[in-house]
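Here's the structure, in structure tokens; my notes come after.
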Amino acid sequence: MTYQQPSCWFRGCDGSILLDSIPGLPSEKESEPNLSLRGFGTIDLVKAKLEQACPGVVSCADILALVARDVVLLTHGPYWNVPTGRRDGLRSVKDDALNNLPPPFSDATRNLNHFFIPKGLDAKDQVVLLGGHTLGTSHCSSFSDRLYNFSGTQMPDPALDRRYVPRLKSKCRPGDITALVEMDPGSFRTFDASYYRHVARGRALFTSDGTLMLDPFTRDYVLRQAAVAAAGGYPAEFFTDFVASMVKMGNMQVLTGAQGEVRRRCGAVNPMGM
């Protein structure tokens, strides 16, 4: 999942995920759903260069949106024009992320109704944006219940491919909170449609993704993209849809005008008077 997604859910795309903790107030970076995010130093370097060239002009929220696009492009995904002009938010609280991000252990229908629809996103946006899990890794803690104690049964989730469970258990021991697992094994550094193959085979790490197979619309979408990936074809539909959903999400609750600020450093709000 790109940085832009966790930064957009509860107050819009305001770059709140970039703010560092301050004494007594841990930021969103410290929240469990965000612990596997990497590359904050890269964002800081980009911001520093921009501040040298044009101080106080380009927001961290815009940098985040542009970098998210460039990461997708550089890993062989699609290009899109990113609308700019966002302002940066002033708040970043650990519990906000914990309470307002779609949880990986919840089913797709609940996440759709509680998190996507209230933000103006629909079932197509959900299944498309979750395809972004083709990139990156996840901590075992985000899905270990599916391996060892699904719904309090002391057994694996029966929806998981039983041949895949031993492989995941070899990477994630009980109680492991540090190990990282590829979300799209074999292709986790390439933006493509191959993640849908894992969802279709019962090998998605998260309940939120695996349960896409229970809804006829999202199931059809998953199977269609999985077939393209299996055939080695160009994922034109997924790429087009991903661009549309990213632009749609990037326009949620945007701060403009006198709202928020343009941070001089992405990890901290500006000192008073700047």
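Backbone N, Cα and C define each Cβ position, glycine as well.
As recorded in TrEMBL, the features of this protein are as follows:
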DOMAIN    8-270  domain 'Plant heme peroxidase family profile'
DISULFID  Cys8-Cys13  disulfide bond
BINDING   Gly12, Asp14, Ser16, Glu28  Ca(2+) 1 binding site
DISULFID  Cys60-Cys266  disulfide bond
BINDING   Pro102  substrate binding site
BINDING   His133  heme b binding site
BINDING   Thr134, Asp184, Asp192  Ca(2+) 2 binding site
DISULFID  Cys140-Cys172  disulfide bond
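Of the binding-site residues Glu28, Asp192, Glu28 has the largest number of other Cβ atoms within 10 Å of its own Cβ. The two recorded residues, Glu28 (Ca(2+) 1 binding site) and Cys8 (disulfide bond), have Cα atoms 12 Å apart. Confidence across the domain 'Plant heme peroxidase family profile' (8-270), taken as the mean pLDDT and rounded to a whole number, stands at 94. Annotation for Thr134 (Ca(2+) 2 binding site): spatial neighbours Met183, Asp184, Ser187, Phe188, Thr190, Phe191, Asp192, Ala193, Ser194, Tyr195, criterion Cβ-Cβ under 8 Å with sequence separation of six or more.
Within 10 Å of Asp14 (Ca(2+) 1 binding site), counting CA to CA, the recorded positions Cys8, Cys60, Pro102, His133, Cys140, Cys172 contribute Cys8, Cys60. The binding-site residues shown are Gly12, Ser16, Pro102, His133; of these, the one with its CA atom nearest the CA of Cys140 (disulfide bond) is His133. Candidate recorded positions: His133, Cys172, Cys266. Nearest to Cys13 (disulfide bond) by Cα distance: Cys266. In this structure the C-alpha atoms belonging to Gly12 (Ca(2+) 1 binding site) and Cys60 (disulfide bond) are separated by 13 Å. Listed recorded positions near Ser16 (Ca(2+) 1 binding site): none (candidates Pro102, His133, Cys172; Cα-Cα distance within 10 Å).
Cα-Cα distance from Cys172 (disulfide bond) to the residue listed as 'heme b binding site': 19 Å (rounded to the nearest whole number). The recorded positions shown are Cys8, Pro102, His133; of these, the one with its CA atom nearest the CA of Cys266 (disulfide bond) is Cys8. Within 8 Å of the Cβ centroid of the Ca(2+) 2 site, not counting the listed residues Thr134, Asp184, Asp192, the chain contributes Gly131, His133, Leu135, Ser187, Phe188, Thr190, Phe191, Ala193, Ser194, Tyr195, Ala229. Comparing the Cα of Cys60 (disulfide bond) with the Cα of every entry in Cys8, Pro102, His133, these being the recorded positions, the smallest distance points to Cys8.
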